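The next block holds one structure in the form of C-alpha cells; read it before the comments.
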Amino acid sequence: MEKQLHLNLLSSRPPAAGGLQAGSKMRMGPGRKRDFSPLGWSCYFQTIEDVEVETNGGKDISFGSHGPVLLLLHGGGHSALSWAVFTAVICGRINCRVVAMDLRGHGDTKVQDSEDLSAETMASDISKVVEVLYGDAPPPILMIGHSMGGAIAVHAAAANHIPSLLGLCVIDVVEGTAMEALNSMQSFLRSRPKTFKSLENAIEWSVKSGQIRNIESARVSMGGQVKKQRSSVFEWRVDLSRTERFWTGWFRGLSALFLSCTSPKLLLLAGVDRLDKDLTIGQMQGKFQLQVLPQCGHAVHEDAPDKVADAIASFMVRHKFTDFKEGFLW
C-alpha cells in the first residue's frame, strides 16, 4: 500500500521526581557562562513513535493511561519538540495525555509531497493521524496550536476533522496581524543565519536573538529546527521562504473560522494589540476566552511554559474537561 504520511509523534511522560525542573528559569550567577548544550526529547516525553498513514487504511496504535488528550501542533519551521517544557509542566498540573506531532514537511515527518503545506492538506493530516491512533473511538481531544499550527487547528476544527473535539486553544496567531506580517516575512527569513557551526551555536543564536527567550526550551527545541548536513554544518530543516504560496491560505478568513467553531475556545496572545476587529467584537460577546501573556515573544509556550500551562489547565478545569492533579496547589 502506498504510504502518504510517515509521522513522528511524541507522547507525554510523568513529571520527573528530580533532575531538571521543567519551566525553571535557570538563573546564572555573575560571570557564569550560560549552558547552550542540547537536551534530549526523553527528558520531557515518554515515547517517540512513527505513525504510518496509508491510502487504504492504517494501523491502529493505542496509548494507555487516561484523561483527555492534548494534541499539540507547532508553528512553521518548528517541531513537536517546541512543546517539550510545556508538556512537562502541564502534566504536573492536570490529569491528561499529550501527543505532539511533527507536521508534514517538519521535524522527522516524511511525506510524498513535503512541499504541500496547504491548510486543507495539513488539517486533513490531523484527521488521519487521530484515526490511526484511536480508530473509531477517539478519546476527548483538546487541540492546541501555535502560529501556523494554531491556524491548522482552526481549519481542522472548522472542518469537523476531530469528532471528539473538546475545545480549541490558539496561541499567538490572529488573522489581521498575521496577514500584515506576511509583507515582511521574507525579509525576516533572509536576516536569519543560513548555517550554524554546531547545534550549540544554533541554540545560542535562538536565545540571544530573542527567538526563544527560555534557554531550557531552546536547548531541547532547536534540534527540531536545524539538522546536521554532510558538510558538518547545521542548516534549517525547513526552507520557510519556499512556503510563501501557502501563507495566505493559512491565515485568510481565520478569525471567522475561529469564531464559527462551536467548541469552547481559548486564545492566548503575547499582546492585546494583536486582536483584529472581528476577534475584538467576538471577545466582547463572550465567544471565546482571551488571555494576554505580556513579556513574551511570539513563541509564547516556549518563553513562558508555566504561564501557558496555568492558563490551559484553568480553562480545562473550568469547563470540566479534567481535574487538577491530587496535591497540586492552584
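Glycine is no exception: its Cβ is also placed from the backbone N, Cα and C atoms.
Some features that TrEMBL has for this protein:
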| type | residues | note |
| --- | --- | --- |
| DOMAIN | 70-311 | domain 'AB hydrolase-1' |
| ACT_SITE | Ser147 | active site |
| ACT_SITE | Asp172 | active site |
| ACT_SITE | His298 | active site |
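The Cβ of Asp172 (active site) lies under 8 Å from the Cβ of His146, Ser147, Gly150, Leu268, Leu269, Ala270, Arg274, His298, Ala299, Val300, each of which sits 6+ residues away along the same chain. Per-site Cβ counts within 10 Å over the active-site residues Ser147, His298 peak at Ser147. Taking the domain 'AB hydrolase-1' (70-311) as a whole, pLDDT averages 94 in the prediction.
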